[in-house]
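Lifted from Swiss-Prot, the feature list:
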type    : residues                                    : note
BINDING : GLY80, ASN111                               : anthranilate 1 binding site
BINDING : GLY80, 83-84, THR88, 90-93, 108-116, SER120 : 5-phospho-alpha-D-ribose 1-diphosphate binding site
BINDING : SER92, GLU226                               : Mg(2+) 1 binding site
BINDING : ARG166                                      : anthranilate 2 binding site
BINDING : ASP225, GLU226                              : Mg(2+) 2 binding site
Amino acid sequence: MFKETLRECMEGHTLAERKAEQVMDAIMKGEATASQIASLLTVLRFRGETVAEMTGFARAMRRHSIQIEHSFSQVVDTCGTGGDDVGTFNISTATALLVSALGVPVAKHGNRAVSSKSGSADVLEALQIPIQSSPEEATASLQKHNMCFMFAPLYHVAMKHAVAPRKEIGFRTIFNLLGPLTNPARAEHQLIGVYDRNFAEKMAETLRRLGTKHSLLVAGHGGLDELSITGPSTVFEVKGDAIDRYELIPEDVGLERGDLAQIQVSTVQESATLIDQVLIGKANKSAQQIVLLNAGAALYAADRVDSIKAGVALAKEGIASGHVADHVRNLRQTDQEAEQHA
């Protein structure tokens, strides 16, 4: 089946959703060789992935993933595709910490750095915030702290068959787009950062087909996979069965434009230090405002506020009150308590 599929793709044909699901199912079961997987990823990258293919692949990945159980009806994820090559600090992780401090359950789906300076798992460790090592621990953390981190390799075990081919070919593949669409906590409210607006549009349509309550897919100025503080961002808002596209600038939500250099870092520790400063309101203006902007969008996606602007205001209040700093302190104490009992 796989050889036939490769031949069809090489000839320029696209896969129907059901066929794409079967192909990914074969990959997840270890029925495709490393060279076959690499060939498929290469063909798709150069030909361009269709929404039907992305939807079928995502359905299969979701089915093969380990999921966590929880009692929340409005879980949020702030996960991006990565790969923007801009070198910013971990904005989506800072956003997750801020939003969870405001009472919104956040199931952060992420990984270690591959091509970037710092992955979400790396920076959380640098912040001494626990990374849960099992679904049970993740559920307990989500219930107790409104925040858990789901380390992607632990939940997408079947992805092991694609790890070597992805590393060997070395370029972005469809898997970069599928990760944010396969949250193990079944988050139906998402803020997804995408490095390219064309991919953001495809992902929005894919998410609409998969089903979501309210999600924002954002592509920032200069290829940033976050809402940008330095220029306009393109937003695809998916609410139920509808998709709305619009441009957003910082001034629209009461913020000022910032400087890219102020949000760039060279190491994991620099990223962690900047996040710490943001969450106590002591960071440089650009770093402070880009987290407020993205937190405002996440709060809006979570349906906790009626607009991104209102979300920005709520995020500002949370930092100014010291509540966010207290929340981070509680998360750190959990890590220290675990070490004492180890």
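Along the chain as shown, residues are numbered 1 onward.
Heads up, the Cβ atoms here are built off N, Cα and C, so glycines get one too.
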Counting distance between Cα atoms, which of the binding-site residues THR88, HIS109, ARG112 is nearest GLU226 (Mg(2+) 1 binding site)?
THR88
Could you check what DSSP calls HIS109 (5-phospho-alpha-D-ribose 1-diphosphate binding site) once collapsed to helix, strand or coil?
strand
What's the number of neighbouring CB atoms sitting within 10 A of the CB on ARG112 (5-phospho-alpha-D-ribose 1-diphosphate binding site)?
17
Nearest recorded site to HIS109 (5-phospho-alpha-D-ribose 1-diphosphate binding site) by CA-CA distance, among binding-site residues GLY80, ARG166, ASP225:
GLY80
Need the DSSP three-state call for ARG166 (anthranilate 2 binding site) to compare against my parser.
helix
Cβ neighbour count (within 10 Å, all chains shown) around GLY80 (anthranilate 1 binding site):
27
Find, for the listed binding-site residues THR88, SER92, ASN111, the residue with the lowest Cβ contact count at a 10 Å cut-off, counting only other Cβ atoms.
ASN111
Whole-number Å value for how far ASP225 (Mg(2+) 2 binding site) lies from THR88 (5-phospho-alpha-D-ribose 1-diphosphate binding site) (Cα to Cα):
10
